């Protein structure tokens, strides 16, 4: 019985070895796909490749379809490899390798084509926006397969948009929308749309829109000296923000024009007084405007005379005040502590001293103390 099985084994090996083997292929649109069909054992039987429409591409080394993109790479009894260049989405599908035995043996290989997304565009925003406006940013990319993924970034921080995917033939159009209410903090902010897709590896397509937001001016005054003193150089700067940038800056003193243009020099946003004196005391105001409004700020200047005996340096006065407060608090604590100690130290009286504190003289005090002591001894207790 065992002898009868031996002739069958070579036939089983022969049958399994004479079967075409293929692999699925994935390629990016525009690239080249190599389709390979192999057999482990072939008794000089021809191999054939056909496309998803069942059109023969190559029969052995003979080209059957007139398509310049399809070329023979290798043809033998054990292998048939062809290449398809400039791949498009329409090339995707199931390809068949056939081994012409009796019966014909076939195997399938699926060609997957990745649709490369187009570079994105940002639409929906018209420059400039006004502070408080609601604006919309729409990022769109087409031609991806599978559908691309869109991410938004506000400068370097990711923000979330609303995604919409629509099929267009075999590819997809993807949109992502951001809706914002802008203020002056959004002026100059960069919003970046990043398109990620398997066909792009780790190099996403990106496009950036820098916002321009117009807003009314805001003005502050900075000064060069904390304690302006006579004879010193002194400078005020009108720090203004706004878009469009508010220009020019207008300086005034006490509601009127600057009184001494020779010493009071205006250059751009700065007012410089070359040599301070008491006549410079007063309220200085700067104003800045753009088409959205006007803003102003004031600075009260008091010029100190360092040589005046009655006029103390504010720094020294401040230090003196702090020292006085510290000394006062320390004295209060010492007095309170002394009174507390005195009160608790003098309230304890011994039994011998009881009754003596009201005596007119020493002898009476002794007698009272002894009497109290004797009275204490005569107390009886009943239980």
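Numbering starts at 1 and runs along the chain as it is shown here.
Quick reminder: no glycine exception, Cβ is built from N, Cα and C everywhere.
Matching 275-295, 296-316, 317-337 against TrEMBL, the residues noted as transmembrane segment span 317-337.
Mean pLDDT for the domain 'Ig-like' (217-304) in the predicted structure: 93.
Under DSSP, the residues of the domain 'Ig-like' (10-112) split into helix, strand and coil as follows: 11 helix, 48 strand, 44 coil.
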